[in-house]
Amino acid sequence: MTEINMDKELRNGIKISAKEILNSKYIIASTGAGISTESGIPDFRGPGGAWRSIGGLIKMVVKTPTAKPNPGHYALAELEKIGILKCLITQNIDNLHRAAGSRNVIEFHGNMYKLRCTKCNTRFGIFDFGAMRAHRSRCKGIVKPDTVMFGEPIPPDALQNAFDEAERCDCLIVAGTSSVVYPAAALIPRAKRNNARIIEVNAEETGMTRSVSDHFLKGKTGEILPSLVDEIKRLKEVK
Ligand code: APR
C-alpha cells in the first residue's frame with residue numbers, strides 16, 4: 001500500500017476494489033480531466049476549473065504542453081503492463097496516459113499532438129510531414145487537429161471502439177471525471193447494463209456515485225490509483 005495518510009474507510013474500499021478487480025475477467029478504465037490536475041492542468045468543472053474561471057482556462061492552455069504524467073497515469077499504465085487493464089478510454093487530449101506508458105488507449109476527444117483526416121480517420125503526429133504527404137497522395141479528406149471541437153462528432157472509430165469495450169467489460173474503473181458530458185458519460189451505464197462492476201475514483205461525488213457506482217473511492221487519483229495497484233499486486237503475490 002502506498003504510504004499516504006488514508007482514512008480507514010478509504011483503505012478498506014481500496015482492498016475491496018482490488019479484490020473486485022482480481023475477480024473480474026475484462027477490466028477497462030475511463031478517465032477525465034481530474035486525473036491530470038495533479039500534473040498541474042486544471043480540470044473543467046472542479047474548483048478552479050477551466051469552465052469556472054478565465055484563470056483556470058489560461059492555466060490549462062499554458063500548463064498542458066509542458067505537463068508530465070503523475071502517479072495516477074503511471075498506475076493505470078502499470079495495471080496494463082501487468083495484464084490486468086485491457087483498455088483505457090480517456091476524455092483527455094493531453095497525451096499523458098501515452099506518455100506514462102499506456103498503450104491500449106482510446107482518446108475519445110482526440111489528442112492535441114495529432115492531426116486527423118475527417119474522411120478516412122487516419123491520424124498522424126502534428127509534425128509528421130512525411131505521413132501527411134503520403135496521406136495526401138491517396139486521400140483528399142480535410143486534415144484537422146485531432147482534438148474534438150464543441151459541436152463536432154466524436155471520431156467514429158473512437159466512439160465505436162469505446163462502446164464495444166464498455167459492452168465487453170465486467171469491471172470499469174472510472175477516474176477523475178464528473179461524468180456529465182455525453183456520449184463519454186454513457187459508457188458507464190452501458191457497462192452497468194451488462195452487470196459490470198463500477199469502481200469510481202474521484203475527489204467528489206458525481207451523478208453516478210449513488211446511482212451507478214458499486215464502489216466510490218473518494219480522494220486524489222494520484223494517491224488512490226497507485227494504492228489500488230499496490231494492493232492488486234500484493235493480492236496477486238499471495239494468490
Ligand atoms: N483526483 C480525483 N478527482 C479529481 C482530481 C484529482 N486529483 N482533480 C479533480 N478531480 C475531479 C473533479 O472533482 C471533477 O469531479 O475530477 C472531475 C473532473 O470533472 P470535469 O472537470 O468535468 O472534467 P471531465 O469530466 O473530464 O469533463 C469532460 O467536458 O468540457 C468537456 O471536453 C471537455 O473532456 C472534457 C469533458
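Just so you know, glycine gets a Cβ as well, placed from its N, Cα and C.
If you check TrEMBL, you get these features:
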DOMAIN    7-235  domain 'Deacetylase sirtuin-type'
ACT_SITE  His109  active site, proton acceptor
BINDING   Cys117, Cys120, His135, Cys139  Zn(2+) binding site
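Features as recorded by TrEMBL, highlighted on the structure.
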residue	record	CB count, 10 Å
His109	active site, proton acceptor	20
Cys117	Zn(2+) binding site	19
Cys120	Zn(2+) binding site	12
His135	Zn(2+) binding site	20
Cys139	Zn(2+) binding site	14
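In the vicinity of ligand 1, defined as a Cβ distance under 6 Å, the following of the recorded positions His109, Cys117, Cys120, His135, Cys139 are placed: His109. One way to see the shell of the Zn(2+) site is to take the Cβ centroid of Cys117, Cys120, His135, Cys139; the remaining same-chain residues with a Cβ within 8 Å of it are Lys119, Asn121, Thr122, Arg136, Arg138, Gly141, Val143. Among the binding-site residues Cys120, His135, Cys139, the residue whose Cα lies closest in space to that of the residue listed as 'active site, proton acceptor' is Cys120. According to its DSSP assignment, Cys117 (Zn(2+) binding site) is in a strand.
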